[in-house]
Amino acid sequence: MSNTDATHAGAYSRSVLHGGYHHPLARKYQNQGRNVTKDMFMYPIFISDDPDAEEVISSLPGQKRWGVNKLEGFLGPLVKSGLRSVILFGVPMKMKKLFLACDVCLCEYTSHGHCGIMSSLPNPVHSDQPTLDAEASAQRIAEVALAYAKAGAHCVAPSDMMDGRIRAIKTALMENGYGNRVTLMSYSAKFASSLYGPFREAAGSAPSSGNRKCYQLPPNARGLARRAIRDAAEGADILMVKPTLPYLDIVSDCAQLEPDHPVAVYQVSGEYAMIVAGAEKGIYDLKQMAFETVESFVRAGASIILSYFTPDFLVWLDEPEE
Ligand code: PBG
Ligand code: ZN
């Protein structure tokens, strides 16, 4: 090698990147130890009160509402492909092979469809509309969480965004002997998003009047989201950010603010429906796009992914990398 060649290599060697990711495996090495794995996926499942139900949810392509009698048949093959965890919306049941999380909220069960209990105090902004009773809501939510724990849930996951509910749930779990055996996963930074529409249809949980802007976070509010991470101090074992793709800065903030807590992300119904719709329109390939999204989640710091794509990823993750 001539002197000129050496100088040439020295000046440019750090700029030549392609060599580092030409081979499919070499591309995998670029993940800095943060691989997407099957263990990361938690599959959201809607339970119907009709025990034999298998109802198509038109707004969530490929997803169904399941009756308890149908669950074994549906989940059995997924467990065989590597499913480790589910989060149930509706009635809990014992699925011994799975890590069983239960979403805790009141909106599916209240007549008004809001996530808490209404207060009799006047609303200073809209005098004709009720506002929330934070204390009563947190207490009721803690009772519901405890009931799920008693029914065999491994994890309770409050999604209501009431102030004080993590403390209330943790206290209820501890006072009843579940403090050391039930994981508390908080929907800590949950934004008032337009992306929950298909879910609300699936769960029948749309508010009959008003909106959730006084308890879910404003989409512009990075500071509030960072403050909401206080759920770690109230006793949450896992912190969640939701939705995910438009909030990757918050995922990264969360991972940095609480490096000792696993960060979960929820790729919500509207994100899922959007990705499927785009693929149907021929804008991109479904699998490639789905991977691109979850890789961004993991890159930002997530280690648990709630996604309606879970059954697909169980298949895709067994396919050779391209
Ligand atoms: C209920 C709840 C919602 C979601 C999870 N739990 C809807 C909402 O807050 O309106 C959204 C999940 C999704 O869109 O996939 N509190
Ligand atoms: Zn709710």
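Cβ coordinates are placed from backbone N, Cα and C, and glycine is handled just like the others.
In TrEMBL this protein carries:
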- Lys190: active site, schiff-base intermediate with substrate (ACT_SITE)
- Lys242: active site, schiff-base intermediate with substrate (ACT_SITE)
- Cys105, Cys107, Cys115: Zn(2+) binding site (BINDING)
- Arg200, Arg212: 5-aminolevulinate 1 binding site (BINDING)
- Ser269, Tyr308: 5-aminolevulinate 2 binding site (BINDING)
Give me the Cα-Cα distance between Cys105 (Zn(2+) binding site) and Arg200 (5-aminolevulinate 1 binding site), rounded to a whole Å. 13
Check each residue in the chain of Lys242 (active site, schiff-base intermediate with substrate) that is at least six apart in sequence and keep those whose C-beta is under 8 Å from its C-beta; list them in sequence order. Ser159, Tyr187, Ala189, Lys190, Phe191, Ser193, Val265, Tyr266, Val268
Three-state secondary structure, Lys190 (active site, schiff-base intermediate with substrate) (per DSSP): strand
Fewest neighbouring Cβ atoms within 10 Å among the recorded positions Lys190, Arg212 goes to Arg212
Other CB atoms within 10 A, centred on Cys107 (Zn(2+) binding site): 19
Go through the binding-site residues Cys115, Ser269, Tyr308 and tell me which ones have a CA within 10 A of the CA of Arg212 (5-aminolevulinate 1 binding site). Cys115
Collapsed DSSP category at Lys242 (active site, schiff-base intermediate with substrate): strand
Based on a Cβ-to-ligand 1 distance below 6 Å, what subset of the recorded positions Lys190, Lys242, Tyr308 would you report? none
Could you state the whole-number distance in Å separating the C-alpha atoms of Tyr308 (5-aminolevulinate 2 binding site) and Arg200 (5-aminolevulinate 1 binding site)? 15
Which residues, sitting 6 or more apart from Cys115 (Zn(2+) binding site) on the same chain, put a CB under 8 Å from its CB? Cys105, Leu106, Cys107, Ser137, Ser159, Asp160, Met161, Met162, Arg212, Tyr215
Within 8 Å of the Cβ centre of Cys105, Cys107, Cys115, which other residues of the chain have their Cβ, at the recorded Zn(2+) site? Leu106, Glu108, Thr110, Gly113, His114, Gly116, Ser159, Asp160, Ser205
Of the recorded positions Cys107, Cys115, Lys190, Arg212, which ones put their CB under 6 Å from ligand 2? Cys107, Cys115
Including all protein chains shown, what's the count of other C-beta atoms within 10 A of the C-beta of Ser269 (5-aminolevulinate 2 binding site)? 24
C-alpha spacing of Ser269 (5-aminolevulinate 2 binding site) relative to Arg200 (5-aminolevulinate 1 binding site), in angstrom: 9
